[in-house]
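S.K.: Have a look at the structure that comes next, please.
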């Protein structure tokens, strides 16, 4: 768990910034400029992680409990919840280990600590890759359900869904292992950034196309009721707002982390880029926040899932 800077471990040193200090402060960069550093207290980071864990566990439990939810769409949502769960658990685990080590409560040999760091880093990287993959899979599934509605159930079958899910998990584990093993190579960072850009473009294209089709459908209905302008305009504004929120949250939560990786390739020694590097903890916190928001976007909007979730919560008391 090495120190801060462009040469550190790809996903290590989660608490490189000062713990439990004021939330905003000006920090002097190594080469002179004063940088705005957003310090995330350890307690806040751990609390957000635990909230994400509880939320996503409930989503997985609800999908597992209700057989009506045993369909490809909900399996993709459940796998996204598992990925978000692993993102939170791995980050919380590494933070807890570092806090215990700093407090002297965790006595272990350097080799053991290094192996534990490697395992946690693979888990973090793999869960991030799988989370992005399942976000893309959900977008593709919704696209097929709209544009190939009559053939959807013959295209997206359970066996095909399970094969896609298995391929995503295997690819995530293998890629994360390679990324951590060769973290010092520029190609690794470029692959990660390219993957994020590809997922962003895929989701943007699919959701914009779906919005266009929905607006076209609303326009046709409006013509039948001779209320074309008002209905179509209202639906278009609502759809555009929903699309903006969905893609905006995705970009806001994931973008800064991959900007960090991009700058590690483009300007690892530049003072201004160094100011960005100092906020690495903030970028990981935003990813945790995305794990908290995902259930509200993809899972809790389902009335069937909400009903099952209530049963799960009531049974647990």
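Glycine is no exception: its Cβ is also placed from the backbone N, Cα and C atoms.
Nobody curates TrEMBL annotations by hand; they come from automatic prediction.
Sharing the feature lines straight out of TrEMBL:
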- 55-298: domain 'G-protein coupled receptors family 1 profile' (DOMAIN)
- 44-63: transmembrane segment (TRANSMEM)
- 75-99: transmembrane segment (TRANSMEM)
- 119-140: transmembrane segment (TRANSMEM)
- 161-181: transmembrane segment (TRANSMEM)
- 187-214: transmembrane segment (TRANSMEM)
- 235-259: transmembrane segment (TRANSMEM)
- 279-300: transmembrane segment (TRANSMEM)
S.K.: By a Cβ-Cβ criterion of under 8 Å, what residues six or more beyond either terminus of the transmembrane segment (161-181) are in contact with it?
M.R.: 9-11, 72, 75-76, 79, 118, 121-130, 133-134, 137, 188, 191-192
S.K.: Between the stretches 44-63, 75-99, 119-140, which wins on the count of C-beta pairs under 8 angstroms to the transmembrane segment (187-214)?
M.R.: 119-140
S.K.: Average the pLDDT scores across the domain 'G-protein coupled receptors family 1 profile' (55-298) and report the rounded value.
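M.R.: A mean pLDDT of 83 is what the predicted model shows over the domain 'G-protein coupled receptors family 1 profile' (55-298).
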